[in-house]
């Protein structure tokens, strides 16, 4: 039976049937041809083309198997590098991605019989990082290209430099915040100190008799000198003796300044109390209403 011509309904139907992956047991690796059922595979193995191809492979089977193995390994690593890079992925999941290609090299044509054996081979050769856990094998590609290695090292160095610069900026920012906080605290302390009342000393002039008492309000800078002069003047009274009389007369007797100050304060307090009593407190609205009601009651009583 001849083969259907291209574009005919029979050819289109066969193409739709052969689209996608088929059973691996019905795939001929020697001829690289996929059959759709067991009968088709049996007919293919009895065909003249298949027998001729098997005779060619039988001349040097090891070389043919090695070629298939190298091609399988090359395609597998290329897809891993381009699709996932150096990311870690489950080995069986990635193998399913690899066999999606209809024209891929099947593993039954290579020297590896199982996926576990092939995964261990990749780890021993240093082509991939292989990790095994309770979920199975995980692989990740190892990039050995010198240019890529230099680029990765430069990227890591730049990341470390950026990290150190960021840490330095954060440290400087913390120091600035600390200095600003300390300066603010010092300013508040200075304001509190300046707002406090300074102690005032009363400097009394008792040098001349008969003159009114003079009080000088000095600042805290002259406190010690003014205080010493005051007590020296108070504690050392001066006396004069008359030659004509036998009695000693007191020429200069210091006055009790504090007693006079107390008297003046009492007098001022008394005057302020008298003035406060004389000033009438304004009445409230309730008091006005009560007064009006009282006046009305008085008028009613008078009329009666």
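Just so you know, glycine gets a Cβ as well, placed from its N, Cα and C.
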Among ranges 1-25, 26-50, whichever one Swiss-Prot labels zinc finger:
26-50
Of 179-203, 204-228, the range Swiss-Prot labels region 'Disordered':
204-228
Across the zinc finger (26-50), the model's average pLDDT, rounded to a whole number, is 87
